[in-house]
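In TrEMBL this protein carries:
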- A:59, A:102, A:152, A:156, A:227: FMN binding site (BINDING)
- A:26-388: domain 'Luciferase-like' (DOMAIN)
C-alpha cells in the first residue's frame, strides 16, 4: 500500500466535560466548565498549540427531558454555552484553530444563520465551519412550535433548500466588490453586488446578505448523517464528514462510496475529508489506559446509565428495578443507532440478563468504544485507518476535557509526527487552507467569467 | 431644583463608521472597520476606559435595497458584523463594559435567542443586554418569508409573547440550582429546575432552556419605540429606553409618562433608565465643532443624501433631477419619524425649493442634529436634561468612530466628572449593578418563598 502524500487531519470534539457522561466527575475535567469560558478557551488553546485542524462544538437546541433522576447526573445537555456565541468568543481568542459549530436547518432562519457564520468567518480571519444538521432528537421540536420532530424526508428537503439559500446569500458580494474608495466616495461596486431573490418551497429570501464575502470565500461545511439523504447532501456540499469509527471495513466502504458520488457534482475526492469520530483512551501502558476507562465506568451511576441506554433504545425504563429481567415489551423493533450494537444488546437481553446488567454492558460499550491503549497502539489504529482510506483524519472524542486531550497531545501527537502522519505546524492561515480545501467560486463571478 | 443623587448613564451607539452616513469618508473613522474586529474592539476599549455603561449595537437583518447609486455610497447597512457574534467576541475582550445588541422578535425563535443572550451573559460575567425590537423596515420581511412587514399590531402581539417566552426560559434554572457535587454525583437540584410548557398564540415552547441562570439573573432589557404599544411593553419589561433627544419638553413628558406607567407592573421608577440618543459634535471651540459638522456635510454626495431623505419620507426620488422642483405627488400624507421635522420639510418644499435643496436641508438637519459645541456647552446640555428629568443618561451617537468618541472622552468626560455628573470608575461588576437595576426574581423561587 503506497503511503499517502497528505497528512491526517485532527479535530477536538467538544462536549463540555468530555464525551463520557461521567466526565464531569473526573478530576481531569473542570466541574465549572459549562458556564466558564476559560475552560473552553483552554481546550481551544491546547488544540491550537498542537496544530489541530479544528475544534468541533456539538449541539442540540434542547435540554433532555423525561428522566429527572438520571438527567440531574448528566450535565452535558442540560447546561452548556450556546455554540455560535461560544465560537465567536473563541474566534478572537485564537489565531490558527478552525472553529466548527453545529446549527440546525430545522430551527433557524437561513438569513440569520448565513449572517452569523459569515460574521464568525470575518471575526476569525477565515476559520469558521458550519456543521449542518437537521436535528434528530424529538425533544428539539417541542422548543420550536412542533409536536416532536418533523419527518426525516421533510427535514432533509428543508435542509437541502436551507443550504442552497445560505450559499446564495454568501455570494451576495463578489470577492473584489469592496472598493472602499474615499476619493470617489464609492464603497462597493454595484456590478459586483447581487440580490438572491430566492423563492422556494420552504423559504422566500430576497437578500442581499448584509456582510461582505467571507475570508474563506465561504465558511467550510461539515456534516454527519449516514442516511441516503445525508450521503447525497454530503457528496454535493460537505467538506468535512463526521462519521462513525466502529468498523474499519464499513468505514472503507463508506469512504469509497461517498467520494465516488462527488464526481457528479464536479468535485474532486480530496475536496471532502472523511473524519470518523473516535473515543481515545490513551495511557503510558495498556493497563494505564484500561484503568482510565474503568475509573469512568465506576463513576457512572445506574440512573445516568439508564438515560444513555434509553436514548439508544428509545425505550422508557424508568421504574424498572435494576435486578429485574429486561421487560421485552419495551424493546424496539429497529435500531436507531448502530445495528451491530443493537443486535448484541438484544442477544444479551434474551439470555435473561437484568436491566442493571444491560445498563452496565451498554456503558462498557460506550466508555470503551474507540481505541484504548498505548501511544503506539493509538497511532497504529490511526495509521491503519488513514493509510487504507477508511479516514482522512479523526474527530477525537476525549472522554474527559481537558485531561484526555492533554494526554493525547503529550503522548500520541509526537508519535504521529515521528511517523510523518501529522503536521508540525499550520500550513496556512485559514481552515480551508489547513484542510487543503479549494475556495468555492462565487456564482456570479463564475458566470461572468464563463 | 434639587440635584439628583444618582449619576448619568452613558452608552456608545455603534454604527460601524459612526452615525453620520459620510462617516466612512472621514479620516477619523476606519475604512476597513466593517469587517475588522480590531476597529470595534477599539470602540469598546475606549468606551470601557472612560467607564461608560455600555456599547449599543444597532442592527437590521437586511441590507437596504432600491437605490444602488446611493447605497454604494452608504456602507453601514450594506456590510456589517452580525451583532450577536460581535457581542460574543467583545464579551471576552472586555471586563466591565455593558454589551447591548439589537435582535428582532419578528425574525428569531425565542428558544434560540434566549440561549444566545444567556450565553453572552455567561461569557461576559453578567454584562449582556438585549435591545428588543419588532423591526420596522419593510426590507427585513423579504428576507424572512414575508412580503414586507407584518402589521404593527401583529408585530407587537408577537413581540409581547416572545418576551414572555424568553423570560420564562431564563427562569429554567433557579439561582441556587447547580450543586456541582462530585461526591454525590448530582449536578443540579431537580426541585430547582423547571419546564416552561408555554403554549400561546404565536409560540409553543416546552423548555427547559439548556443553560444555567445567567449571572445577572437575566440579561438587561433595552427598548426603543414610542408608540402606545411600545410604551406599554417598555413600562412592563424595559430597563433601558432608547428615546429621541429632539425636544426637552417632550422628553420630560415622555420620561414622566413612562415612569408613571411602571407602578402598575410593580416596578419602581428607577428600575428603568430613559436614555435619549443624541448626536454629539464637540470641539475645543464652537467654530471647531461647527467645522466638524460642515466637513461631513460637504462629504455627503447627493445620491447618498437622497437615500436618507427617501427613507425618512418613504418616497422614491430616483430619477428626479436635483435642480427640479420637488414632485409634490410623491410626498406622503403622514410622517413616519419626527412630525416636527416632517412639517418643516413640507413647508420648505411648498416654498418651491428643488429636490437638491431639500436633500441638503435634510442632511443639515440630520448632521447637525443633537448638540454641537464646546465641552462646556455639551455638558450644559446633558446636565439640563439630566437634572430636569428629561433623561437618566444618553446614548451617544458619534458622527464618526472612533474619532468623535475619542474627542468626547478627552473633552467632555472630564467636564462631566468635574460637575459630579459622571462616575470616576465602575461601581459594580455587572451591567445591572452599574446601571443600578435590581436583579429580577426567578418566578419559581418567588412562588416558593411566597
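Cβ atoms are placed via backbone N, Cα and C, with glycine included.
Here the features listed in TrEMBL are painted onto the structure.
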residue	record	DSSP (3 states)
A:59	FMN binding site	coil
A:102	FMN binding site	strand
A:152	FMN binding site	helix
A:227	FMN binding site	coil
Practice prompt. Please find which two of A:59, A:102, A:152, A:156, A:227 have the most distant C-alpha atoms, given that the record lists them as binding FMN, and give only that distance in angstrom, rounded to a whole number.
Written response: 20
Worksheet item: residue A:152 (FMN binding site) has how many other Cβ neighbours within 10 Å of its own Cβ?
Response: 13
Worksheet entry | Spatial neighbours, same chain, of residue A:156 (FMN binding site) - Cβ under 8 Å, 6+ residues apart | A:134, A:227, A:229, A:230, A:233
Worksheet item: Hey, which of the binding-site residues A:102, A:227 is the loneliest by Cβ count within 10 Å?
Response: A:227
Discussion item. On the 0 to 100 pLDDT scale, where does the domain 'Luciferase-like' (A:26-388) sit on average?
Written reply: 94
Discussion item. Can you give me the same-chain residues 6 or more apart in sequence from residue A:59 (FMN binding site) with a CB-CB distance under 8 Å?
Written reply: A:80, A:83, A:101, A:102, A:103
